[in-house]
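Engineer: Here's a structure for you.
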């Protein structure tokens with residue numbers, strides 16, 4: 001689950017991490033009032049959306065007067081912000097965060113993720129702050145310095161000092177960085193995070209480190225023990241179809257293609273998408289109905305796919321290990337009868353009760369296209385989506 005920048009910074013403050021003073025604005029009146037409360041004569045106005053690239057898209061701007069903040073709010077509040085991380089529709093801007101500014105000497109990067117190979121938290125620091133860290137890692141990997149957190153001992157101050165030295169910090173800056181490093185690691189563990197990012201972490205002209213931006217992604221599987229974080233969830237930033245899928249324990253991710261995919265098992269779902277792409281098609285979604293799929297869940301999954309107006313064909317690829325192919329077949333028939341369908345549906349069934357499943361589909365009287373192999377299914381789906 002993603003948090004907004006202002007929410008992450010509120011949590012940062014609880015952990016004694018340095019952040020600028022800011023005010024959350026839900027309306028134009030809030031913003032006008034905020035600039036008379038905040039110090040200074042220049043403020044940063046930031047659209048609050050669950051996506052990066054806000055600055056390049058015009059969603060972050062320095063404002064110096066009431067007229068400028070009015071213009072910014074009128075431009076964005078109630079509108080949608082499109083960045084390189086969103087789809088073509090963008091994300092709704094319901095909130096603007098207005099905060100005090102500072103004079104910047106240097107921009108750094110500091111982030112943490114779970115390294116699955118070592119099963120430990122890995123911190124990454126770089127002098128290339130304010131940039132896309134993926135680009136830095138690909139083009140100049142030598143600029144990224146790492147520190148691994150042992151889960152038994154936790155983050156140690158000496159690790160923070162080592163990173164500070166590598167970043168070229170000196171004097172009191174090293175002490176500041178070590179404190180920041182230890183507190184961020186504590187936050188990461190206590191809040192069950194999947195990702196934590198401060199980009200940029202700035203060194204001000206006064207020699208102080210300041211978290212100018214904050215990104216937190218919480219492990220959704222751990223939300224049951226963090227009701228205070230669950231309460232921060234913003235449904236408006238989530239795809240409505242993905243939210244509906246979660247109600248049925250379906251793993252769904254919307255994409256921008258035109259071939260709907262329904263598969264059981266995450267690995268098989270990824271492989272299905274790959275082979276569709278290999279044959280020139282574009283998957284419209286990732287959808288894993290899971291190993292314990294019921295007829296009702298399959299029916300809901302099918303309706304979910306058909307709710308996407310871009311879908312021109314549907315590919316159902318089921319390998320019956322835990323799930324039975326005859327149940328999948330009944331779910332498909334129920335969904336088609338309930339929703340109605342005028343696009344081609346290609347079905348490939350293998351495994352437990354596959355023959356029975358194919359027989360049920362064949363006797364349904366519906367216009368379903370049977371495929372014997374995954375390759376054949378992908379080829380048929382691509383042709384069907386192209387209207388051939």
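Positions of Cβ are set from backbone N, Cα and C atoms, glycine also.
When I checked Swiss-Prot for this same protein, it listed these features:
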- 46, 53, 54, 55, 99, 102, 107: ATP binding site (BINDING)
- 199, 213: Mg(2+) binding site (BINDING)
- 264, 321, 322, 323: substrate binding site (BINDING)
Engineer: Max Cα distance spanning 264, 321, 322, 323 (substrate binders), Å?
Structural biologist: 10
Engineer: I'd like the number of other C-beta atoms within 10 A of the C-beta of residue 102 (ATP binding site), please.
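Structural biologist: A 10 Å sphere around the Cβ of residue 102 (ATP binding site) contains 18 other Cβ atoms.
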Engineer: Distance between residue 199 (Mg(2+) binding site) and residue 55 (ATP binding site) at the Cα atoms, whole Å?
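Structural biologist: Approximately 12 Å lies between the Cα of residue 199 (Mg(2+) binding site) and that of residue 55 (ATP binding site).
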Engineer: Looking at the binding-site residues 46, 53, 55, 102, whose Cα is closest in space to that of residue 323 (substrate binding site)?
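Structural biologist: Result for residue 323 (substrate binding site): the nearest of the binding-site residues is 53.
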Engineer: So, three-state DSSP: helix, strand or coil for residue 107 (ATP binding site)?
Structural biologist: strand
Engineer: Using a 10 Å radius around its CB, how many other CB atoms surround residue 55 (ATP binding site)?
Structural biologist: 14
Engineer: Please report how many Å separate the Cα atom of residue 107 (ATP binding site) from that of residue 264 (substrate binding site), as a whole number.
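Structural biologist: Taking the Cα atoms only, residue 107 (ATP binding site) lies 45 Å from residue 264 (substrate binding site).
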